[in-house]
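Participant: Here you go, one structure.
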Amino acid sequence: MQAHQRMLDPTPDGQHSGKSPLLRTIGLTKRYADFLANDCIDIEIWPREIHALLGENGAGKSTLVKAIYGLIQPSAGEIHWQGERIVLSGPSEARSRGIGMVFQHFSLFDNLTVAENVALGLDGKESFKDMSARLEQVSKTYGLPLDPRREVWQLSVGERQRIEIVRALMQDPKFLILDEPTAVLTPQEADQLFIVLERLKAEGRAILYISHKLEEVKRLCDTATILRGGRKVATCNPRLETAASLARMMVGGEVKEVKGASGRKTTLPRLAVNDLSLAPAEAHGVRLEHISFELKGGEILGIAGVAGNGQDELFAALSGERLSKDPGTVVIEGIAAGHLSITQRRKLGAAFVPEERLGHGTAPRMRLSENALLTGHAAGGMVHRGFIDTAATLRTVDRATETFDVRKAKRDPEAASLSGGNLQKFIVGREILRNPAVLVVSQPTWGVDAGAAAVIRQALLDLATAGAAVLVTSQDLDELAEIADRIAVMFHGKLSAPLSAREASREKLGLLMGGSSLEPKEVAHAAGA
Amino acid sequence: MQLVLEKRAERSGAIALVSPMIAIGLTIVTMVILFAILGKNPLLALHAYFIAPLTDGYSLQEIAVKATPLVMIAIGLSLCYLANAWNIGAEGQFLIGAVAGSWIAVKTQGTDAGAWVLPAMLVLAAAAGALYALIPAICKVKFGASEILTSLMLVYVAELFLDYLVRGPWRDPHGFNFPTTAEFDPVATVPLLIEGGRLHLGSIIALLVVAAAAILLGRSIKGFEIRVVGAAPRAARFGGFNANQLIILTFAVSGALAGLAGIIEVAGPVGHLQPGISPGYGFTAIIVAFLGRLNPLGILIAGLFLALTFIGGEQAQIAMKIPLDVTKVFQGILLFYVLACDSLILYRFKLVFPNRQVAHGAG
Ligand SMILES: Nc1ncnc2c1ncn2[C@@H]1O[C@H](COP(=O)(O)OP(=O)(O)OP(=O)(O)O)[C@@H](O)[C@H]1O
Ligand SMILES: [Mg+2]
C-alpha cells in the first residue's frame, strides 16, 4: 500500500529541518538563442514549506519549474536534490525521484474517463483496476472527490484540475510544483485547494506555488522568491509584506491603478441578443435558453458565473462559430447577424477573444504574425487580392507588442513559445488594435500578472470610452466590479437580468451563481419573451 | 523497464531537415542486407540503382519523365495532407484523367481536327480527375464516410473501367486483339522538348505546378487556410475557415493534378491508352509527398529521387537479374522509415525504470 499519510519529516512547522534543503538550484540558467529566460537563479526549497514563485508574465517562472521537472534542459547551473547533484533526463526521472507537477495548461483528453487520463500520465506497471482503486482512495484521503468512471468533458475546470493534482499525488511526491493552479478556479474551489495544500505541507512535503494572486500568496505561503526579467530579485516572507510591496518587487516600480471613465453611451445598442436559444453542438454542451440582453456603445457588460454554465456556448453563438437559424437572435450594429459567419461578423466590426489561448485563440505552432492574420484577414488590410501582406501582419505584431508590452524572445516567435500571460496580452492586443465596435472577450486576464491585468482592463475601459460595446465573461468578480457597468450571471444556460455594478454585491452574485433567484420578478424579466 | 515515447518540449529544427536523410540512409542499409540475402553483390546493386542511371543522358531524361507524374500528383496530395484530408486514391484519379483525355483522342482519331485537341484533352482530364476525387470528398463531408477507404476503393473501380474500355469499345481494330487503343494522332500527343529524346512538355508543366504550389502555400491566404485547418482545427474555425470546404477544394485540386498527370503520361511517353499505364504512380506519390515534407521544393527533390529508384530498378533487373518488385519493396521501406523518423521530431525514445515495484496482477 502507499504511505500517503506517512509523515515524511517530523520536525515542527516553521523550522528548517536537517542540514540541507530538499531541492536547491545553483546558478540555474536557461537560454533561448540570445534570450535569457532564466539567469543564474539560486533557490532553496525546504521540506514542510509552501514556497511562492512570483513574477510578471514572462519573468521566467514556468521556465524555472520546467527545468526543475526535467522538461527542459538548463543551459547552465546545477540542481541539487536532497543534497546530491542531479541531472534530469526527463519528467519521468523527476517523478521517480519524488518531484510532481501540475501544469499551467491542463493536458487531459476530453473523451477519456478520469481513470484513463490518470493512467496515461503514470509510469507504473500496476493494473488498471488497482490504479483506479488507488485513485479513488487518494482522492478521498485528500478530500478531492473524483469519480474515476466519469468522462472528462463532464467535469468543471476545478474538477479537471483535481485530476491533475490527484495524478501528481498518486506518485507520492516529496515536492509538488503547481503552476498557477488558481487562475481558473472559483473562490470556493480555491479555498478547497488551500486546505489540501496545507495538509500536504503538514505531511512534510514541500510545495512550489506559482500565482499572480498576491493576497492568496500572503495567506498560504511561508517563503516567496521573486523573479524579474529572468533574474531572482528577492526572497522574503510574504506574510511580512503587503500585496503592494510584493507587486513593487515584481515590477520594480509602482503598479498603475485602473481608471474607470465610462464613456457616453450611444442611444442605439451596438450588440443585441434576442431570445437566443440553442441546442448544444456536442453531447458535452449546455443548452442556451432564452438569452436576451442589449449592449450600447460605451458600455461594459460583465457576465459572471461558474465555468461550464453555458459561457462557451454563448461565446460561440455570438462569434458565429455556431450559427443560429433565426438571424434576429444576434444583432451587431443594427444588422441581424445570427446567420452570419465569424468572418462576416468581424466585417461588421465585431472582435472576439476566446478563453482558451492555445489552440483556439491561436494556432500554437504558428508564428505571431500568422496568428495576427488568423483574425485580421477579414478586415485588417492584411490581404490584397488573395495574397498575404507579410509586412502588415508584422506591423500588427509590433504594435501589439509595444502597446501591451508583450515580452518575447524574438520579433516573431511561435505562439506556443510565449509565456501564458504574454500570449494573452498579444491576443487581446491583436483584437483591440482593430478598433472594434463590439468586443466579446472571455477571461481577459486569465493568468496575467497584476501589472499586465491592469493594462488589459484599462484597455477595455478605454475601448468602451471610445464608444465600443464590450462584453466580458469572467470568473473573477473583483475584475467585473472594477470595469463593468452592469453584471449578469450565467447559470445552467440561462442569463439573469443584469444588475447595475452598484447593486451587484458579492452576496447577490454569489446567490445567482449558485442558481438561486433574487426575486421572482427579476427572474421572470430575464426569461421574458 | 519500459520503452516509452515521450513528447519533446521543444521542437527540434535540425532534425526536421535531417530526418528524411536518416530515412534514406536507413533504407539503403536495409536494402544492402536484402541484396545480400538475395545473393547479389550489394555494392554492385547499389551502383546499378543509384549511380548508373545518373551517368548517361538517356537515363537522366527518363528520370525526369518518371518524376513528372510523381511530382504533379504529390503536390496535390500534399495540399490534402496539410489540410488533414487523406486522399489515398490518386492512382484512380490518374487513371480516370487518362481515360477522359483519351476519349477526345480516340474520337478525333483520323479526322483532321486541329491544334485544339491536346489542350482540350488536358482540360477534360483535369476536370474528370477532380470530379472523381470529389466523390470521396463529398461522401466525407455529407455522410462522414472515411475518405481514406472510399478514395482507395475508387482506385479499383477506375482500373476496371479502363480495362473494360480498352478491351471493348475503344480497342484498336488493327491491334491484333491486344487491349489497347490505336496510337494517338500527332495533334493528340504531348510534344517532345528534345528532338528524338524522351523529355516532353509535361516536365515543364510539373515545374509550373511546383512553383504555383510554393506561391499558394507561402504567400496566399488560401494556402494559409490550408495550413491552419490542418495544424489547429479549432483555431481555424475561430479564424473563419471552413474545414469542410477545404476538404472539397484540396480533393478537387489534387484530383485535377492527378488526372492531368494521367493524360500527360498517356499522350506523352506511352502514346496510347492501355492497362498498366501506371507502375503505381498514385501510391508512390504518397511517399514522395511525405519524403518531401509536404513542401513543394522538397517534393520536387523527392520526386526525382523516387524516379531514380524506378529507373535504377529497371537497370538492376537488366544487369543483375534483381526482380523489379524489389523497387516496390524499396519504396515501402522508405515510407516506413520516413514516418518513423518523423515521429522522432515530436517524440523521443526513453527507457523508463518505474520507481515503484507494484506487483499486482496483469492489467
Ligand atoms: N521555447 C521557447 N523559445 C523561446 N523563448 C521562450 C521559450 N519558452 C519560453 N520562452 C520565453 O521565456 C520567457 C519566460 O517564459 P515563462 O513561460 O517562464 O514565463 P512565466 O514567468 O511563466 O510567465 P506567465 O506568468 O505569463 O506564465 C518568455 O519571455 C518567453 O517568451
Ligand atoms: Mg507561466
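Glycine too: its Cβ is placed from the backbone N, Cα and C atoms.
Keep in mind that TrEMBL annotations are predicted by a computer and have not been checked by a curator.
Look at TrEMBL and you will find B:12-38, B:116-135, B:147-166, B:199-217, B:246-268, B:280-308, B:329-349 tagged as transmembrane segment.
Quick one: where do these features end up spatially?
Facilitator: Here the transmembrane segment (B:12-38) has long-range neighbours at 45-46, 49, 291-293, 298, 302, 305, 322, 326, 329-330, 333-334, 337-338, 340-342, 344-345, meaning same-chain residues at least 6 beyond its ends whose C-beta is under 8 angstroms from one of its own.
Only residues 6 or more beyond the boundaries of the transmembrane segment (B:199-217), in the same chain, are considered here, and those with a CB under 8 A from a CB of the stretch are 61, 64-65, 67-69, 71-72, 75, 78-79, 82, 190-193, 223, 226-227, 257, 260-261, 264-265, 268-269, 295-297, 299-300.
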Participant: Going through B:147-166, B:246-268, B:280-308 one by one, which has the most CB pairs that fall under 8 Å from the transmembrane segment (B:116-135)?
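Facilitator: The listed stretch sharing the most Cβ pairs with the transmembrane segment (B:116-135) is B:246-268.
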Participant: Who are the long-range neighbours of the transmembrane segment (B:147-166) in its own chain, taking Cβ under 8 Å and residues 6 or more past its ends?
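Facilitator: Tertiary neighbours of the transmembrane segment (B:147-166) are 85-89, 91-93, 95-96, 98-99, 132-133, 135-137, 139-140, 179-181, 247, 251, 273-275, 282.
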